[in-house]
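Student: Quick paste from TrEMBL:
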- 42-293: domain 'G-protein coupled receptors family 1 profile' (DOMAIN)
- 27-48: transmembrane segment (TRANSMEM)
- 60-79: transmembrane segment (TRANSMEM)
- 99-121: transmembrane segment (TRANSMEM)
- 142-164: transmembrane segment (TRANSMEM)
- 199-220: transmembrane segment (TRANSMEM)
- 241-261: transmembrane segment (TRANSMEM)
- 273-293: transmembrane segment (TRANSMEM)
Amino acid sequence: MADNATHHYISSFFLVGIPGLQDFHCWIGIPVCLLFSLTLLGNSIIIITIKLEPSLHQPMYFFLGMLAMNDMALASSTAPKMLGIFWLDAHWIDFDICLAQLYFIHTFCIIESALLVAMAFDRYVAICIPLQYTTLLTTTMVMKMGLASVVRAIFLVLPGPFLIRRLPYYTKYVINHAYCEHMAVVKLASANTHVNRTYGISVAFSVMVLDLGLIATSYLKILQAVFRLSSQNARSKALGTCAAHVCTILVSYTPALFSFLTHRIGKKVPPSVHIIFASLYLLVPPTVNPLVYGVKTKQIRDRVIGLFFPNKKISEN
């Protein structure tokens, strides 16, 4: 620890886990481990299926593959440390490792949001201007959109750790959380944190408003195009291609919005509820997404069945 006249800079933080539920950490670790295992298994199956099946080498499935890889990375940035806390009492985390964890968590969350926007745009082009689908969404364009999602997240989140590094941390080292989260770390600083708080809320608000706005606009255009179709069967088929994506949006944004709102306006909500929902936001979507696409998307479902049960007859179109 570095000396500073009368104080010592802290070199590590103590992650409490779920405040008030420490006696149940051992049991809480079971669903966390299950969710993490299912995330790795389900998303690996999605990636392998898309890679091995030539008929799935289309923009929609390339975006799905990117989403699956990002989901695995997001879960891997949080679940192992959470399990260490719940099962091994490994509460301490090095200062720099904590900054790295919060950086990757927020980066992967923003990438996830951007990929959902890209997938909404894919459905918009496929339904509203289908004749231009192959010319607009080329493999090169899909790669550029994926790269743009990553670059945006990297540069939006990058100032966070540096802004935290400039703050002095003397006496407070206990983080009432199961992982390192930006505002949870900022609150421990022994200095004015107005800049950090403004930065954090600005990034979260701008990303959520922009991305949800673009998704809503895409689906508004899609609904307008669908309801202009004369055939009920055509309407159902068009909407059916969006079902999995809509479910993914709901699964991803609902716990995020709840966590965001309760953290800021739900002053009477117990801390344990805040932490549980914040953890669910990071663990549930990566687990559910491959299940949603496996059930809702016939092409994925049939290819997975064919991959693992080659002798089973695949359903006809």
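Positions of Cβ are set from backbone N, Cα and C atoms, glycine also.
Just so it is clear, the model here is predicted, and its values are computed rather than measured.
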Student: Same-chain Cβ contacts of the transmembrane segment (27-48) under 8 Å, 6 or more residues past its ends?
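Tutor: Contacts with the transmembrane segment (27-48): 17-18, 21, 64-65, 68-69, 71-72, 75-76, 79-80, 82-83, 86-87, 279, 283-284, 286-287, 289-291, 293-294, 300, 304, 307.
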Student: Please indicate, using numbers and ranges, the residues of the same chain that are 6 or more beyond the transmembrane segment (60-79) and have a C-beta under 8 Å from a C-beta there.
Tutor: 32-33, 35-36, 39-40, 43-44, 46-47, 50-51, 101, 104-105, 108-109, 111-112, 115-116, 118-119, 122-123, 126, 139, 142, 145-146, 149, 178-179, 248, 279, 282-283, 285-287, 289-290, 293, 299-300
Student: Cβ under 8 Å, sequence separation of at least 6 from the ends of the transmembrane segment (199-220): give me the contacting residues as numbers and ranges.
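Tutor: Beyond its ends, the transmembrane segment (199-220) has Cβ neighbours at 106, 110, 113-114, 116-117, 120-121, 123-124, 156-157, 159-160, 163, 182-183, 186, 242, 246, 249, 253, 256-257, 260.
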Student: Please indicate, using numbers and ranges, the residues of the same chain that are 6 or more beyond the transmembrane segment (142-164) and have a C-beta under 8 Å from a C-beta there.
Tutor: 59, 62-63, 66, 99-100, 102-103, 106-108, 110-111, 114-115, 118, 121, 182, 185-186, 189, 195-196, 199-200, 203, 207
